[in-house]
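Down below is the structure, laid out as structure tokens.
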Amino acid sequence: MTWGNRSLLMEFEFLAYPSHPELRVLSFVGVSLVYTLIISGNVLIVVAIQTEARLHTPMYYFLGSLSGIEICYTAVVVPHILANILRPEKTITLLGCATQMIFFIGLGSADCFLLAAMAYDRYVAICHPLQYPLTMTLTLCVRLVMASVVIGLFLSTQLVAFIFSLPFCRARSIEHFFCDVPPVMRLVCANSHVHEQSVLVAATLAIAMPFFLIATSYTFIVAAVLKIHSTAGRHRAFSTCSSHLSVVLLQYGCCAFMYLRPNSSYYPKQDQFISLVYTLGTPLLNPLIYTLRNSEMKGTLGRVLTRNCLSQNN
């Protein structure tokens with residue numbers, strides 16, 4: 001089997017993993033702990049939204065979908081990272097690398113588009129409250145979530161097919177923990193300027209376009225909130241958006257830094273740290289941000305955990 005003139009079994013080697021046994025053990029324990037917290041936190045949110053009838057609203061449907069996507073998003077790379085920490089040979093085949101990149105970039109892009117859908121939900125709720133039940137129907141919510149995933153995976157498939165159609169250099173060492181666009185693009189032996197522009201266009205569609213939609217939604221939201229005369233009313237309106245804004249700034253800050261820049265500004269050590277932030281940090285912080293800032297979610301999670309404890313004791 002070949003892809004172009006290359007074997008699908010051709011291997012890349014990852015160079016970012018620690019070599020000392022003590023560091024490998026610490027890394028494995030640390031990543032395992034964070035991954036357990038990510039899965040637990042996001043699963044709890046999904047279960048809470050499913051079991052609590054009061055949370056069967058568009059805002060919480062989007063939140064549950066975001067948690068579901070982030071469970072899949074981390075599952076694409078974190079188990080592979082944990083396996084590589086323990087293995088003496090940290091390698092991946094060309095086909096495995098391409099597959100990992102498709103789902104990692106695709107689900108990350110789906111996150112961005114879903115955050116744009118959540119911003120639209122807040123725009124309708126605050127700027128057109130009387131039309132909200134008629135506009136934000138379950139059908140529309142499902143379509144927006146499905147569109148986010150399909151568009152994200154479509155864009156990532158096109159991008160990855162383009163990258164892996166390029167000629168790679170003889171050196172097949174990736175200075176990273178997994179197959180991401182910037183470190184893999186460093187292995188390409190071709191006219192880098194043209195290819196960088198193509199990658200930037202794809203990144204702009206997946207990152208800048210939904211961010212523009214979010215910024216537009218919040219421009220209208222701020223204008224509407226400023227017209228509210230009551231201080232309590234303004235605070236209530238802004239409080240429904242604060243969690244979403246915090247997640248948007250965290251997600252888009254990391255993504256823009258990694259993908260909306262030329263390949264010449266790639267620094268392996270710095271980028272490895274940033275990639276860990278949006279691979280482990282963002283999925284870990286999102287459940288915390290949404291629960292700590294939302295009294296309804298905190299109350300529901302408390303009841304879910306209490307019911308589980310009581311059922312285990314019985």
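Positions of Cβ are set from backbone N, Cα and C atoms, glycine also.
TrEMBL annotations: computationally assigned, not manually curated.
The transmembrane segment annotation in TrEMBL covers 25-48, 60-82, 102-120, 140-164, 200-226, 238-260, 272-292. Marked as domain 'G-protein coupled receptors family 1 profile' by TrEMBL: 41-290.
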Looking at the transmembrane segment (60-82) and the transmembrane segment (238-260), are there 3+ C-beta pairs under 8 A, with each pair at least 6 apart in sequence?
no
Leading contact stretch, 102-120, 140-164, 272-292 vs the transmembrane segment (25-48) - CB distance under 8 Å
272-292
For the transmembrane segment (200-226) and the transmembrane segment (272-292), decide whether they are in contact, meaning at least 3 CB pairs lie under 8 A, counting pairs 6 or more apart in sequence.
no
Mean pLDDT across the domain 'G-protein coupled receptors family 1 profile' (41-290), rounded to an integer, is what?
85
Other same-chain positions with a Cβ less than 8 Å from the transmembrane segment (238-260) and lying at least 6 residues past its termini are 59, 108, 111-112, 115, 118-119, 122, 125-126, 180-182, 199-200, 203-204, 206-208, 211, 214, 218, 221, 225, 271, 274-275, 277-278, 281-282, 285-286, 289-290, 293-294
